[in-house]
Structures are given as structure tokens and as C-alpha cells.
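As given in Swiss-Prot:
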- 6-231: domain 'ABC transporter' (DOMAIN)
- GLY42, ALA43, SER44, GLY45, SER46, GLY47, LYS48, SER49: ATP binding site (BINDING)
Amino acid sequence: MSSPVLKCQSVHKVYVQGKESIEVLRGVNIALYPEQTVAIVGASGSGKSTLLNIMGALDHPSSGSISISGQDVSDMDEKAKARLRNAHVGFVYQFHHLLPEFSALENVCMPLLLRGVAVKEAKKEAEYWLGRVGLSHRLKHRPGQLSGGERQRVAIARALSPRPSCVLMDEPTGNLDPETAESVQALLWDLVRQNQTSFVLVTHDYRLAARMDEQYSLEEGVLAKVAPNSL
């Protein structure tokens, strides 16, 4: 069996508020393998976004370990984590987090430039991915000049442009109207499958979750695998 591209082992997360401790994650174990798709469902406030941030090394667990492409991030400094993320992990959020003063092309170039890709090559790759998401005619437009669906397409192109091992998505269509959401979901699914990328999807959409290879439910800090027909 191939090695996981991302793995969490016995992950706990505790927040301390004054004299009170709140345990958000309790011994979470999950592994994501090449080309695998995983959905995580759960009520609002159940810790799904916290788990996703820990999986992507944007946050650290109170205890337990995280490995990305076989590398344990536990003892890495923030610069090393950033390099590892940029090489192996893409992110798509409910809110696009595009830089408002930059064009669509410049936003998609950003992760490539951070990896040390030459400007000319980064622009070429960014143009390719914006074409893949149907925005070849919007290269010079800034986020404020794009619709909600177009902005999310730019965010998808940005996440996939470095060709990461896995993509972590937190309600990527939750801020869109149903018709636009369906279109973006179909696009995202096709692109990830075509590029043989693994992904983890945090969602409230049980119908969408059922399409993934595996489904997990996060409740009271405990992550448990569930059957698609039980969603």
C-alpha cells in the first residue's frame, strides 16, 4: 500500500480560556492517501476547521503528530512548515482570501513565486490554470471586478497551480448561491480527479460528502468514520 500524503495520529487540541479548558479534538486519527477523497462533516463549532488547519500545519495540536508527505511537522519551525505547505498542500476556503490589490493572474502566481519559480514561468502556469477554470478572459481583473463564483474559481486555480499532493477545502462553495455552487463543485471535482490530487473536504452538504471515497463525522471532538448511506 502506498504511503499517506497526510497523516494525523492521536491529535488533541485544547483551548484554555481563563481557568477553563476546552478540548476541541480528542485523539483524532486520519490518513489521506494518493488520489483519495475524504469528507468531514459535523455541526458548526464541532472543530472541523480547527482540524483542517492542523492537518495543513497552519495550527499546531496540543498533543499528537502530523506528517505531510512523510515529514513530521512537530519539530519544524514556522519557515520550514511554510515551505512544506507550499510544496505539498493547497487550500480553498469558503471565503476566497484573494489579495484585493492584485489581478487574478497575480493572485494565482503568488504560491509559485513563493516556491522560487521564475516570473515568466509562474505567469505561464497561472494562465494555464485560469484557463482550466474558465477565466482566460479575466486575467487582469481584480477580485472586486469578479463575481463570487469567479473569485472562487481564481482561488481554486491558485490552490492547484503549484500541483500539490493534496488540497484541503473548508466549505469551498458555502458562500455561493446554489446554481453557482453546483458549477464550482463540478469544476473542482473534475480538476482534482484529472490531476490525481488527494483532497479533504469539510462540508455541511451531506449529498456532496457522499460522493467522496470516505466520510468522517466529527462530534464532541471525536472523529469517526461513517458509511455514506448514514449521512
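Our numbering is plain: 1 for the first residue shown, then up by one each step along the chain.
Backbone N, Cα and C atoms are what each Cβ position is placed from, and that goes for glycine too.
Note that this is a predicted model, so its numbers are computed, not measured.
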ATP site, defined by GLY42, ALA43, SER44, GLY45, SER46, GLY47, LYS48, SER49: further same-chain residues with Cβ within 8 Å of the Cβ centre: LEU218
Listed in sequence order, residues with CB under 8 A of LYS48 (ATP binding site) and six or more positions away: ILE40, VAL41, GLY42, ASP170, VAL202, LEU218
Cβ packing number for SER46 (ATP binding site), 10 Å threshold: 21
Integer mean pLDDT for the domain 'ABC transporter' (6-231): 88
Which of SER44, SER49, all binding-site residues, has a Cβ with the fewest other Cβ atoms inside 10 Å: SER44
Sequence-distant neighbours of ALA43 (ATP binding site) in its chain (C-beta under 8 A, six or more apart): GLU219
Among GLY42, GLY45, GLY47 [binding-site residues], residue with fewest other Cβ within 10 Å: GLY45
